[in-house]
Ligand SMILES: CSC[C@H]1O[C@H](OP(=O)(O)O)[C@H](O)[C@@H]1O
């Protein structure tokens, strides 16, 4: 079955697969303004750290193309306001801010271009961010695949797949690469309450591609580990601090603690655009809290009493000591810590 892309730019508009409606309905929302793009990020029409980064980049480009200002310098100033608007959409995934900063830097470096050339240059940068993401995910897959053994059952959490990126995925990219290499892999997907990215999105991606998948509820993860069914755990990331502490979907920390208890390797797969080298530890990562309705309802069905207090953190932070390795496009960082991540920074600076 033909795979569906989550982000499609065409003729000044951005088509976003409405991931809130998957797996039952495949429907797109078309954005013609940067405000519409921002709303789709905030409402999780599109979600996943690399996907929202690429989406915000197109939001910046569309903002420039639809602006009525008459000169480039004024447009650069307006882009700073557009950037501020898009930065307010979601606080945790650093890819969002990385992509917006990259677009702003290109804008400032090209403020001497004519208005039309400037707008074309911005769109070109958004395309580059999107195209690079796919290549980066394939490189992460290639590095990560070497860690996977034929016959492995791999537990994953949330969705770090093609739907969370421009294509191919990070954690699911490793699984795809192992499958493509002919290794028999079986995925156990946590449903991932409350937004159910595992049940609705990861299971959908795996079923589409006929990669064996078993769906479990989050509270079954410990038991399946105790039964000895899981050989590896691979998850994505939304922000990795300079010491390797990693923010990811709520419930990831619990998996990491259980993995340590059961002696199961716990891998994080992420591009270097998910690293936030400006923060020393995970304590500094802002954790998004989302609407109580995500907890009190499943779709339109209310499952909790009116008036009950709700705490709905969308992410948690796994200390680096619980992470066996971080798989990036530059290679695998085993037993990540501040020293090894500083070495990654040097490698990035050397290799570009
Ligand atoms: C490939 S990164 C995906 C990452 O983003 C998800 O969060 P959300 O669905 O809220 O955007 C989750 O943390 C995934 O691991």
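Heads up, the Cβ atoms here are built off N, Cα and C, so glycines get one too.
Note that this is a predicted model, so its numbers are computed, not measured.
Pulled from TrEMBL:
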type: BINDING; residues: 47, 48, 49, 90, 197, 248, 249; note: substrate binding site
type: SITE; residues: 158; note: site 'Transition state stabilizer'
type: ACT_SITE; residues: 238; note: active site, proton donor
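Here the features listed in TrEMBL are placed on the structure.
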residue : record                             : contacts (Cβ under 8 Å, 6+ apart)
47      : substrate binding site             : 19, 41, 163, 164, 197
48      : substrate binding site             : 6, 93, 159, 160, 161, 163, 164, 165, 236
49      : substrate binding site             : 93, 94, 95, 96, 164, 236, 237, 238, 239, 270, 274
90      : substrate binding site             : 41, 42, 52, 96, 288
158     : site 'Transition state stabilizer' : 164, 190, 192, 197, 198, 202, 235, 236, 248, 249, 251, 252
Check: same-chain CB within 8 A of substrate site center, minus 47, 48, 49, 90, 197, 248, 249: 52, 93, 158, 159, 160, 164, 236, 238, 314, 315
Number of Cβ atoms other than its own within 10 Å, given for residue 238 (active site, proton donor): 32
Maximal Cα-Cα distance (Å) across residues annotated as binding substrate, namely 47, 48, 49, 90, 197, 248, 249: 17
Cβ neighbour count within 10 Å of residue 249 (substrate binding site): 27
DSSP state at residue 249 (substrate binding site), helix/strand/coil: strand
